[in-house]
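*Asks:* My structure is below; once you've seen it, I'll send some questions.
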């Protein structure tokens, strides 16, 4: 060891354990434009001060370990450490705090959501000093955002590819999700598309099972797409799920979809992983495929209010990793989603610049610069009576996806698709004429049903269906 190294390593080194807050709690720190900022909901163990808990989070998610180590002297910890720079109590929740942590940009590999999450949430959630920990939001600086490709195409490019403007897009998940043969599955796709839907969809767990291998499904769905396009004169698509057990197999399925000439494929981005998702997104941009993203497994991570990762963070991560659509709740259907919070992360998916707004759960102003937007998908327990509310809540730049609300129509799949298309067109026309969808929605649907027997039948079937449960994801 050289004398210079010996001197550097030994200066200021004292073995033992010291409080995290002495090094990582820095309330006077002024954040930099290049810092990645995180807002954590921290519940310390009894007797642990919030300053120590916040500093522990900053340390364990950056440069810290449980004891002083002599190699600290070989680098500049002050340059690379995370800093807990602000702490505020959570109103109405005793012994719970929002701790704000700033991370220097040099801690993260460029263009890697995988590395970002491994650093920020990879280890600290098991820390004994904390009873619970939840990552509520991240501020991604433009200097880091620009290292990502993001969505393969984005909202405007997708509309141009589909030649569809001025309304939400309509979709349907094929049911039953498991058990159909490839030919019967393709038949259901064809009926829904010719009835007026823009898209149909593989469910998240449709991959390549014994009853329906992926190649057979792709072939029959492609046939359904091209036949329905010829009949309707509209561009159609089916979300062909390319998710697989290996990245190589996933890419093989995406390549086959491109060779068939279909417009869109699908990926389960949380179960498939961010590395696989980013690879697929790059392939889709290079080869003209749209990419639909399912968030299977998200509620395991984001549903508990005190522990985990909020979906707004997972949504930001998806926009960075890449996807043209992502499921985002419905507010009115069977799946979790409170209105203001849902609209907060919907804006984070679609807009270029989003101001801080704590009333919608947005802790930081986010500037996406030139990163393309993502279409939010409303799916889960919705039907024609929900159409006015969905159109009013999500606006034109969205995908409204009715599975049971299409295939459950008493006259069949195609009439179910007709009912949804008529309901949507009626709501869009009423909105464009200045009518209040929130107040007059039911009347608008009833008026339209006079001219559409398919819609009238759907209205009768689902007139009593409601999902009235209180959302768990509240501010």
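Cβ from N, Cα, C; glycine included.
Sharing the record's features from Swiss-Prot:
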type: MOD_RES; residues: 14; note: N6,N6,N6-trimethyllysine
type: BINDING; residues: 123, 173, 177, 295, 327, 379; note: substrate binding site
type: ACT_SITE; residues: 175; note: active site, proton acceptor
type: BINDING; residues: 201, 203, 204; note: Mg(2+) binding site
type: MOD_RES; residues: 201; note: N6-carboxylysine
type: ACT_SITE; residues: 294; note: active site, proton acceptor
*Asks:* Compare the C-alpha of residue 295 (substrate binding site) with the C-alpha of each of the recorded positions 175, 201, 203, 204, and give the closest one.
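*Replies:* Of all the candidates listed, 204 is nearest in space.
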*Asks:* Quick check for the class: what is the C-alpha distance, in angstrom and rounded, between residue 327 (substrate binding site) and residue 175 (active site, proton acceptor)?
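*Replies:* Pair distance, Cα basis, whole Å: 17 Å.
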*Asks:* When neighbour density is defined as the number of other C-beta atoms within 10 angstroms of a residue's C-beta, which of the recorded positions 175, 201, 295 has the lowest density?
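*Replies:* Comparing Cβ neighbours within 10 Å for the recorded positions 175, 201, 295, 175 has the fewest.
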*Asks:* Given the binding-site residues 123, 173, 379, which one's Cβ is surrounded by the fewest other Cβ atoms within 10 Å?
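*Replies:* Among the binding-site residues 123, 173, 379, the lowest count of other Cβ atoms within 10 Å belongs to 123.
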*Asks:* With a 10 Å radius around each C-beta, find which of these recorded positions (294, 327) has the fewest other C-beta atoms nearby.
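*Replies:* Candidates: the recorded positions 294, 327. Fewest Cβ atoms within 10 Å: 327.
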*Asks:* Cα of residue 177 (substrate binding site) to Cα of residue 201 (Mg(2+) binding site): how many Å, rounded?
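*Replies:* A Cα-Cα distance of 10 Å.
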*Asks:* Starting from residue 201 (Mg(2+) binding site), work out which of the binding-site residues listed here (123, 173, 379) have their Cα within 10 Å, and give them in sequence order.
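*Replies:* Close binding-site residues: 173.
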*Asks:* State the count of C-beta atoms found within 10 angstroms of the C-beta of residue 177 (substrate binding site), not counting that atom itself.
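*Replies:* Result for residue 177 (substrate binding site): 14 other Cβ atoms within 10 Å.
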*Asks:* What's the CA to CA span in angstrom from residue 203 (Mg(2+) binding site) over to residue 123 (substrate binding site)?
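*Replies:* So the alpha carbons of residue 203 (Mg(2+) binding site) and residue 123 (substrate binding site) sit roughly 32 Å from each other.
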*Asks:* With an 8 Å cut-off on Cβ-Cβ distance and a minimum sequence separation of at least 6, pull the same-chain contacts of residue 204 (Mg(2+) binding site), or say none.
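*Replies:* Once residues fewer than 6 apart are set aside, residue 204 (Mg(2+) binding site) is near 241, 243, 268, 271, 294, 296.
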